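Take a look at the structure below.
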C-alpha cells in the first residue's frame, strides 16, 4: 500500500521511479498477488495510468488484464477496472488525444520502449494509431472477443457499460475482423440486441452505437439484427424520444436503421411486410409554426427523409420499389411529405431533401404521379405544386441544390407518365394557353430563352423529359408557335431553338455558353429522334444543316468538342430517321454532304467525343442530377441512354452505301412477305389446334359415357343371372307337381277327394306363373330401354373416331361386346319361352286326363251326376285360365319379335358407324399428307430466310429475324413454336 501511496499520493523524498517501472511493478503485483484486494488495487492503479501511459500499459498489461477477466469474474469491481483499462488503451476518442499530445513523457517513453517485442512484430503498423495495433493484439485470440461477449450478459452496471464501450472501440478499429468473430459466436448478435432492452439509458444508448458499428457493411449481421426484432425496438425508441423532436438518441436509431436497410433487399422487404412504413408517417407531422428549428431536429428529419428514400431508391428492384410506393400512398406518407413541401418556414436543406424524397416516391408510379399533379400550393389563387416548383427552378436567385432537386422532381413526375407528359405539352399548345395564369409550359419556355445559362439547361432537359419515348407529344410540340417580337410572324418552337443555335447574333448573346448550347442540342436530339415528321420540320429550315456541318468541321477548343459531338449526333439522327420526303435532304444526299465537308472518319470521331467526356460517365450512373457546381451540369441521365442507343446505328448508317441500303430495303420487303406467309400458316395451325382440342374433349366425354354403359350392362347381367336361378327353381317345382297330378289321376276311385286339392295347387302355380311373366315383362322393358340407349349412344363417337385410330378400335370392340351380350340375352329369352310352352302343354295334358274319368263315371248312376257337374265347372274355369296363359305366351312371342327387330336396327347402326369410321380415317390420311406438304413449304421458306439473314449480316446490318419452329404431335397434327425476336 505504501507503494500505491507513493504513486498516487504525495511525492516522498528520493529518486522517483519512471512510468514504465511503475507499470511493470503493478503488472507484477497483478500477476503474483494472492489476495483479491491487492489485485484490485493494482488494476485500479493501471486504469488511472492507462491514459497518460497508454503505450506502456498496453504493451505490458494487456495479457494480465485478460487473465483477470477470466479468473476473477466473481468480482464485478475488478472486472470493471480491467475493462476500463483495456478501453483506454484501445479507444481512439478525440478527447483523449490532447492529453497524450500535451504530455512530454509519453513520447519519451515511447522512444525508450520502441524496441519492445510487440512493437517489433507490428513494425509495419507503427504509425500514429496505437489503438489499431492493440486491437489486433487483442482479437488475435478469438477467445478474447468471445469472453467479452459473455461478460456483457452481466447485469452489473460496472461490468456491462465498460464492456459495451470496449467492444465498440474494437469494432471501430478492426470492424471486419471483429464482425467475423461475433458472427460465428453462438448467440453473439442476440446478446448485443439485449442491450436495447436495458432499462438504463446510458447502456441502451451506447448499445445503439455498438450496433451501428456492428452492422456496417455486413449483410449477414444486418439480417440477423433485423430478425431479432430490431425494427420494432428502434421505432419504439424513436416514438418514446419524440420522433423528429427527439435528441441524439433518435439520430442514433435512424443511423442504425439506415445501416440495416441500405443495399439490403431482404431487410427492405421485411420492413415493408412488417407494416413499418406506416409507422414512419408521424415522423413528418410538423406543426404550423416552422420557425426556430433546432439543429438536432434538422438532422433527425434529414435522416428520416433518407430512410424513406432508401425504400424507394431507383436502384432497388422495380417490384419492391413499386410496392413501397403503393404503401406510402395508402398510409398517407406521400401526402404528409407534400404538406412539408408546400409549407413555409422549412429550412432550405430540409426542403431540398423533401423534394428529392417526393421525387423518388412518385417516380414510375402512376397513382402517386396523379396525386402529385393534384397538389396545390397554399397561395391565392391556388397554384399547382408543379408550377410553384418550376418557378424555383428557372429563378437564378434560388440555391443551386434546390434547383437541381426541382429538376429531379419534374423528371420523376414525367418518368413513364404519358398522361403527365401530355398535360405539360398541352400547356404550350395555342388552344390551351390561359393569359391570366402561369402554366408549366410558359415557365419552361421562359427558362429556355432566358439569359441565365443554368435556366436554359434545366428548362431544355425538363422539356426533353416531356417528350421522352412519346411520339405523340413530339408531333404535338411541333404545333407550338412563339411570338418573337411585334410585327414579326410567329415561329415554331423548333424553329426558335434552331435559330438560337444557328444565328450569329443569338449565339454571341446566348449560345456562346457551352451549357446553353448543350441543353438545346440535347432537347433537339431527343425531340427529333424516332420521329420522321420532326426530322422533316428540322430539315425544312435551309440553314440548319450547313450550320451543323460547319460546327463539326471546325477545329475548336477543348470546351467546344462536346458541342461538336452533339452536332454530329443531331446530323446522324437526321440521316437515320429520314423518310426522304425532302428532295434536297434525303439520306443519300446528307451522307454525301457529310463525306465531302467533314469526312466519315472525322464525323465518327467527333461523335465519339460525347461518350468520352468525364461528365457523361458521371451522369450515366444514376438518375438524380448531382453536381458540385453549375458548370458541371452538362448531361442528363436519360440522354446518356439515348446516346448509347444511337451511336452505333448512326455510325453504320453513315458508312452504308446506296446499294447496300437498296439491298437492305429489298431484304426488308422480302422479310415482310415471309412474315405475312408465316402469319397465315400460324392462323391455320391455330385453327387446327382448336379443332384438335375440341376432338380431345369429345373423346373424353365418350369415354365417360362408355364407362357408364359398362356399369349398366354389368348390373343387368347380374339381374339376368338372378332371374335364371329363379326360373330353374320354378321349373323343378312345376315338374314335381305334374308327376303328383298324374299319379292321382291313375287311382280312379279316390279322384273326387284329390282333384280338388290338385286344382287348388294348380291355380296357385298359375298365379305364380303370372307373377313371373309380369317380372319378365318388366325385364324386357328394361332391355328395350337399354337397346334404345345403345342405338342413340354410339352416334356421338363419329367425331371422336376421327381423332385417332386407337380410340376407334376401342369403341368398335366395345360395340361388338355389347352386340354379343344382346344376342346371348335374346337366346336366353327364347329358351325361357320354349320352356314356358312345355309347361302349357303339360297343363293341357292334365286337363284331358281329368275329363276321361269324369265321362266314365257318368254310367255308374245318377248319384254321381252332381259331383261330375261340379268337376266340369271347375274344369271350365281351369280351361279359361289356360287360355289366358296361352294369350300371355303369345304376347311374349311378340315381345321377342320386337327385341329381334331392335337388335337388327342396332346391327345396322354399327355398320353405319364403321362406314363413317372408314371415311374419317381417309380424311385423316389426307390431312397428314397436306401437313407434310406444308412442312416442306415451311422448310423452303426457312431456308430462304436464313439466306437473306446471312446476306444482311454480310452487309453489316443488325438482323431482326424470326424463328418459327414446327413439329408433329403424337396424333399427327401440326403444331408451331413461338416466334423469337433476335
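Using N, Cα and C of the backbone, Cβ positions are placed for all residues, glycine too.
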From the ranges 1-20, 21-40, pick the one that TrEMBL records as region 'Disordered'.
-> 1-20
Range among 678-712, 713-747 that TrEMBL annotates as coiled coil | 678-712
Among 93-124, 125-156, TrEMBL lists region 'Disordered' at 93-124
So what's the average pLDDT for the coiled coil (868-930)?
-> 73
